[in-house]
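Per TrEMBL, these features apply:
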COMPBIAS  359-376  compositional bias 'Low complexity'
COMPBIAS  432-453  compositional bias 'Acidic residues'
DOMAIN    1-107  domain 'PH'
DOMAIN    118-153  domain 'EF-hand'
DOMAIN    154-189  domain 'EF-hand'
DOMAIN    481-597  domain 'PI-PLC Y-box'
DOMAIN    597-726  domain 'C2'
REGION    353-412  region 'Disordered'
REGION    426-472  region 'Disordered'
Amino acid sequence: MQQGTLMRKVKSKSWKKQRYFKLQEDCMTIWYQSKRTGKTESAFSISDVETVREGHQSEVLQSVAEEFPPERCFTIVFYGRRGNLDLVAGSAEEAQCWVQGLHQLIETRSFPLTFALVCRTWIRDWFQKADKNKDGRMNFKEVQRLLKMMNVDMNEDHALRLFQDADKSESGTLEGEEFVLFYKALTQREEVLSLFQEYSEDGKKLTLLELADFLREEQLEDEGTEELAMELIDKYEPSETARARHVLSADGFLMYLCSLEGSIFNPQHRGLWQDMSQPLCHYFISSSHNTYLIEDQIRGHSSIEGYIRALKRGCRCLEVDCWDGPNGEPMVYHGHTFTSKIPFREVVSTLGKTSWGNSSSPQPSMGMSPPSSHPQRYGESTAVQGISQCRIPGHRRHGGTGGQGASLSPTPQELKHKILLKGKKIGRLEDTLDGPGDEAPDMSDDDNGAEAEEERRRAKVRGTQQGSALQKDKETLAQALSDCVIYCKNVPFRGFQEARSHSRPSEISSLSEAKARKLIRDEGNEFVRHNAWQLTRIYPSGMRTDSSNYSPQEMWNVGCQIVALNFQTAGTEMDLCDGLFSQNGCCGYVLKPPFMRDEETLFNPSDPSSWEGPGPTTLTIQVISGQQLPKVANSKEGAIIDPLVRVEIYGVPADQAHQETKYIENNGFNPRWDETLQFQLHVPELALIRFVVEDYDKTSRNDFVGQFTLAFANIKPGYRHIHLLSKDGTSIPPSSLFVHIRITE
């Protein structure tokens, strides 16, 4: 067997092992072979790869930068929280060959036959695991053992009958393609075939008009159904003859249902579909807390990888905690703790390179920077201003537009490719935009002399009151750094009435989760109104030293825009965050509902009846079946899961609910539930739906198997597949649920 490309796998400055890497014939799997032991094992699937970074764009490769030139280095980044794979090729040409090849494979994942290709790859993967002697054959006992590994508990007589039907050579063993036939018989989707035959007159094919009827009546496609039917046939029908006749076979029908068009997530909402010309305060903004930490809050590791991972997940608001460092160089770490430190300049350089990077979103990023000493603040401002020197066109720190056209409420559209700094500021935003603030207002065009005189008097009073505060700020805050703060001046929160009287839309307040909860409980409507015109940031309690998270939903319910979470910690809270921001091109900005953008709104999440909205919406979910569910991590050999499905609703308190199906004993391969769950939603605009699959255990807590979360607004009704994600947000193909969704008002 050809060994492949010899490269160094780098884990640290002292750990560099040589491996032979090779792309398998299926063009979906990368295998590697140890140079020392010759042992070959599956390394990863292309479906798990999010992107490829060239050069020293990881902390590990930066640590060996003096040893290996950037043109030989590249990093493979995986979905979720799986660690990066840092590689050094033998030459720049070899590195480019792999980088370009991987980019091409990643791009072709959107090809219509992806699901079929993933399934075929998955089958071959299992075959190779069970083929211990690597002779390319399996006898019936090996197949039985493999079925256990694949989460299948099957009657022996039935399994033998399927085995013999697939053994075309009558050799008593199954070779590669024969095993594919065996698998296909094993995975016959009766529920899909029944649906297919319901609309097919001859039970063998769907004509163009029959498919159009299905799309209109079941999938609730109300426009251009015949044109859509033609597109789907051209896209998903595997038979050239059937495509020429404009008909869809049962195989093509299944491929459509398993595709993006057949997903529960509305494909029209995957791209940038919302209005991006509203003020910043009208959006929920994906936000992280202590972004540099990738572990706990006390002794955790600080890394630029935290910023890269957060940005790649669509995070738009990052936290940069700056403290005095050696040799006049500011450092980033969690102050007054034992976390490791990283140079501030490295953080700024990383932000300049990756704030947009490979993302399709040019929407603005925001950063935060607490105090360090005055001399080092000058260093901070110099480094921040250095972002504008990045080689990536259009990327720069936002320094204001100046002149009378400058807006105190800028929009994401206006701020594209800009980085905003949130922090303290000397004086007012108007001073930065329009020039010195100590001059009297120009009232030469004002016909009302009394109004002009009154404004001069007020300006003088404001100047007296602010004088001492400004002087104190100037003593500790470098002017150059203050000038970097545009539109996001940090101010203390002293109540909604005080904010309405004295604050500006360009200012922002930060609240702890406990303070926010009290305001939600006591002044819910005022909180919603406040967030209609000014930004609010919520951060986790200091008691969360394990980097756990609070529920972001209760903060979104009152319109808080910047709800900061610990991105490094998997769990329900991050599932909700990923679920909300998976729409709108994953740009990190989601437009709030209209009633949360109105400064005079009556909406209070604790009492939806106080708001004159539409009546309740009924969400009906028929959970039909599951396919190829994964085994529970660290489960015993031969153990097979007993899966159940729980549907959880997150939204205003009146909508919070969950229901679950019964569990199916010993079947994680193709369980069938056929159960209907129903929910009443009073404020569907704020609802998130989380589908969770668990392994039932009557003596202890159920084990997590997979989940998928999305906003109610992104649900596509009809017969849909839900492609499950792992605990860390990674896709686990071909694991899925098959459901039927109905929405009535």
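Easy rule for this one: first residue shown is 1, then count along the chain.
Placed from the backbone N, Cα and C atoms, the Cβ positions cover glycine too.
Since the structure is predicted, the reported quantities are computational estimates derived from the model, not experimental observations.
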- Task: Kindly state the mean pLDDT of the domain 'C2' (597-726) in the predicted structure.
- Result: 94
- In the domain 'PI-PLC Y-box' (481-597), how many residues does DSSP put in helix, strand and coil? 47 helix, 20 strand, 50 coil
- Just give the helix, strand and coil counts over the domain 'PH' (1-107), going by DSSP. 27 helix, 42 strand, 38 coil
